[in-house]
Amino acid sequence: MADAFVGTWKLVDSKNFDDYMKSLGVGFATRQVASMTKPTTIIEKNGDTITIKTHSTFKNTEISFQLGVEFDEVTADDRKVKSVVTLDGGKLVHVQKWDGQETTLTRELSDGKLILTLTHGNVVSTRTYEKEA
């Protein structure tokens, strides 16, 4: 099922992302730049390893992981987190934990689009991506 996520995805819509970043403690200037950026996400699968690359004018990040196996991650806003990604009901669920906090990034496919739902506490942001040809 993870194969369905493979491809290059371009951000086309973003809701409540500034509030999400604010809840994580991201500073004003960084939030301003990040809010204006339209990243491209590249998802690849090689055997049991999934790689998610996010490219933008703001920052490039890359993570590689196996489903259900915890790994260390440095986020785009420089948080050092323990992450685990699972496949749950056709959704890729990515949980990041640090300093007693937790945020969840859920990727799901809907009508040919990739919907990324970011949750931190009671703050929810939705970012919609379309697949590039």
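Glycine is treated like the rest: Cβ placed from N, Cα and C.
Annotated features, as they stand in Swiss-Prot:
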BINDING   Arg127, Thr128, Tyr129  (9Z)-octadecenoate binding site
BINDING   Arg127, Thr128, Tyr129  octadecanoate binding site
BINDING   Arg127, Thr128, Tyr129  hexadecanoate binding site
MOD_RES   Ala2  N-acetylalanine
MOD_RES   Thr8  phosphothreonine
MOD_RES   Tyr20  phosphotyrosine
MOD_RES   Ser23  phosphoserine
MOD_RES   Thr30  phosphothreonine
MOD_RES   Ser83  phosphoserine
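Look at the Cβ of each of the modified residues Ser23, Thr30 and count the other Cβ atoms within 10 Å; the largest number goes with Ser23.
Each of the recorded positions Ser83, Thr128 was scored by other CB atoms within 10 A of its CB, and the lowest score goes to Thr128. With respect to their backbone Cα atoms, Thr30 (phosphothreonine) and Thr128 ((9Z)-octadecenoate binding site) stand 21 Å from each other. For the recorded hexadecanoate site, residues Arg127, Thr128, Tyr129 set the reference point as the centre of their Cβ atoms, and the other residues of that chain within 8 Å of it by Cβ are Trp9, Leu11, Val12, Asp13, Ser14, Lys113, Leu114, Ile115, Leu116, Thr126, Glu130.
Taking Cβ-Cβ distances under 8 Å and a sequence separation of 6 or more, the neighbours of Tyr129 ((9Z)-octadecenoate binding site) in its chain are Trp9, Lys10, Leu11, Val12, Thr41, Lys113, Leu114, Ile115, Leu116.
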